[in-house]
Amino acid sequence: MKSISLLGATGSIGQQTLDIVKEHPEEFQITALSVGKNIEKTKEIIRAFQPKLVSLQLEQDALALQKEFPQIGFTFGKQGLIDVATYEDSSYLLNAVLGSVGLESTLAAIRQKKAIAIANKETLVTAGHLVMSEAKKYGAPILPVDSEHSALWQSMVGENPKSISKLILTASGGSFRDQSREELKNVTVKEALNHPNWSMGAKITIDSATLMNKGLEVIEAAVLYDMSYDDIDVVIHRESIIHSLVEYHDTSVMAQLGTPDMRTPIQYALSYPERLPRPNAQRLDLAKIGQLNFKNVDFDRFRCLGFAYEAGRMGGTILTVMNAANETAVAAFLDGKIKFLEIEDVIDRMMQQHDNSLNPDLETILHVDEETRKTVKSMLK
Ligand code: NDP
Ligand code: MG
């Protein structure tokens, strides 16, 4: 039985993780979990999964739930995320919290030698060098949950990493893949949230529409697999059936295919090296799909992917600036405060005016993250 600490239990990945735990009660149990502000859903989860420790974003919510569930431990805020991530009865951390707020809890769990199943890509983007070096030092496995990185991983098992020549990430193209740059000017939040293939949280759905999600994933791939940015390609693949590919130096290309269902990579991260059955899941029917399409990305129509390659190649605090500017700008777009293409403008401006420093420590990263958010917020006022 694997005991799991789950960060972000009320979110899209969190809920699908709970589905997997429910599908395999003999394999997995949730010992501790964190949520944000969704109290009703939290109560349902507590009743269904009986965790021993629960963290809420706000102290008053933790105090209120403590009265209702006196047998359970409650904690809150940033420290709450760390308490859940390092909960002693858990051997796994599944980090599905949203944004770079997941960084410190990931590092804390690594130091407790937990296996880290990571969906929280912002953590790997902002502080990938720290996460990977600490993981190596403490012997904590980093298990990707993101479907592309899971596909790369599954296409590498048993291979010699030295024979890999290229990583190829597939991108659906997001909600606006058929729109011209001109048409992007006045798109609405509702249109942006309408993803053609995947059902996901709001922030990542917007990131998919700007292609920043693919940019974050290029960085995530460089960090996880120690690859040069010159050897990471992105290809538009509308059907989201091939989840990513690895090219080897003998020209062979290995790929992982499946229906667009995040529960499969979530389960693989938790069950590895085993594969567990998913009897009720939709299976891939290639004849029904008929054809798979591929084309190159237009870097002029969607500028965020270019920003990510640029920041990734530079390394250092510029990665934190890009990520924090994106998180803040996307939140502003979702709030109706800025237009879709202004997300790019905000990131561009923040990156241009940043004085980069290489190999930042945790303190520096947290400082730059906070400063960037403040500057963007005052810029948008
Ligand atoms: P959601 O927005 O659906 O869920 C986010 C979760 O984090 C919720 O539980 C939310 O709580 C909680 N949360 C948000 N902000 C805070 C905070 N400041 N403090 C504590 N908890 C907080 O996001 P997703 O599930 O879509 O994404 C989660 C992560 O996984 C992201 O990093 C994303 O990029 C990544 N990912 C997601 C995929 C997907 O298919 N959704 C695919 C691959 C990666 P509450 O709702 O209770 O307020
Ligand atoms: Mg992905």
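Including glycine, each Cβ sits where the backbone N, Cα and C put it.
Please treat TrEMBL annotations as automatic predictions, because they have not gone through curation.
Positions annotated as domain '1-deoxy-D-xylulose 5-phosphate reductoisomerase N-terminal' by TrEMBL: 4-128. Feature annotation from TrEMBL assigns NADPH binding site to T10, G11, S12, I13, G36, K37, N38, N120, E122, G201. The feature 1-deoxy-D-xylulose 5-phosphate binding site is assigned by TrEMBL to K121, S147, E148, S172, H195, S208, N213, K214, E217. According to TrEMBL, the domain '1-deoxy-D-xylulose 5-phosphate reductoisomerase C-terminal' annotation covers 142-225. Residues annotated as Mn(2+) binding site in TrEMBL: D146, E148, E217. Among the features that TrEMBL reports, domain 'DXP reductoisomerase C-terminal' is placed at 257-374.
Everything TrEMBL records as a feature, shown here on the structure.
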residue	record	DSSP (3 states)
T10	NADPH binding site	coil
G36	NADPH binding site	coil
K121	1-deoxy-D-xylulose 5-phosphate binding site	helix
D146	Mn(2+) binding site	coil
H195	1-deoxy-D-xylulose 5-phosphate binding site	coil
N213	1-deoxy-D-xylulose 5-phosphate binding site	helix
Legend entry - Shortest C-alpha distance to K121 (1-deoxy-D-xylulose 5-phosphate binding site) - which of the binding-site residues T10, S12, N38, D146: D146
Legend entry - 8 Å Cβ shell about D146, E148, E217 centroid, Mn(2+) site members excluded: K121, P144, S147, H149, S150, L169, N213, K214, L216, E220, A221, S244
Inset, instruction - Do me a favour and check the Cα-Cα span between N213 (1-deoxy-D-xylulose 5-phosphate binding site) and E122 (NADPH binding site); whole Å is fine. - result: 10
Legend entry - Alpha-carbon spacing, S12 (NADPH binding site) to E217 (1-deoxy-D-xylulose 5-phosphate binding site), which is rounded to whole Å: 18
Inset, instruction - Please work out the helix, strand and coil residue numbers for the domain 'DXP reductoisomerase C-terminal' (257-374) from the DSSP assignment. - result: 67 helix, 3 strand, 48 coil
Legend entry - Pairwise C-alpha maximum, in angstrom, for the residues (T10, G11, S12, I13, G36, K37, N38, N120, E122, G201) that bind NADPH according to the record: 22
Inset, instruction - Would you mind reading off the Cα separation of E148 (1-deoxy-D-xylulose 5-phosphate binding site) from E122 (NADPH binding site), to the nearest angstrom? - result: 15
Legend entry - Shortest C-alpha distance to E122 (NADPH binding site) - which of the binding-site residues D146, H195, E217: E217
Legend entry - Spatial separation of H195 (1-deoxy-D-xylulose 5-phosphate binding site) from D146 (Mn(2+) binding site) - C-alpha basis, Å: 17
Inset, instruction - Looking only at C-alpha atoms, tell me how far E217 (1-deoxy-D-xylulose 5-phosphate binding site) is from G36 (NADPH binding site), rounded to the nearest Å. - result: 24
Inset, instruction - Enumerate in sequence order the binding-site residues T10, S12, N38, E148, N213 whose Cβ-atom distance to ligand 1 is under 6 angstroms. - result: T10, S12, N38
Legend entry - Secondary structure tally of the domain '1-deoxy-D-xylulose 5-phosphate reductoisomerase N-terminal' (4-128) (DSSP, helix then strand then coil): 62 helix, 27 strand, 36 coil
Inset, instruction - Compute the average pLDDT of the predicted model within the domain '1-deoxy-D-xylulose 5-phosphate reductoisomerase N-terminal' (4-128). - result: 98
Legend entry - Candidates near ligand 2 among the binding-site residues G36, N38, E122, D146, E148, H195, judged by a Cβ under 6 angstroms: D146, E148
Inset, instruction - Count the Cβ atoms, other than its own, that fall within 10 Å of the Cβ of K121 (1-deoxy-D-xylulose 5-phosphate binding site), considering every protein chain shown. - result: 28
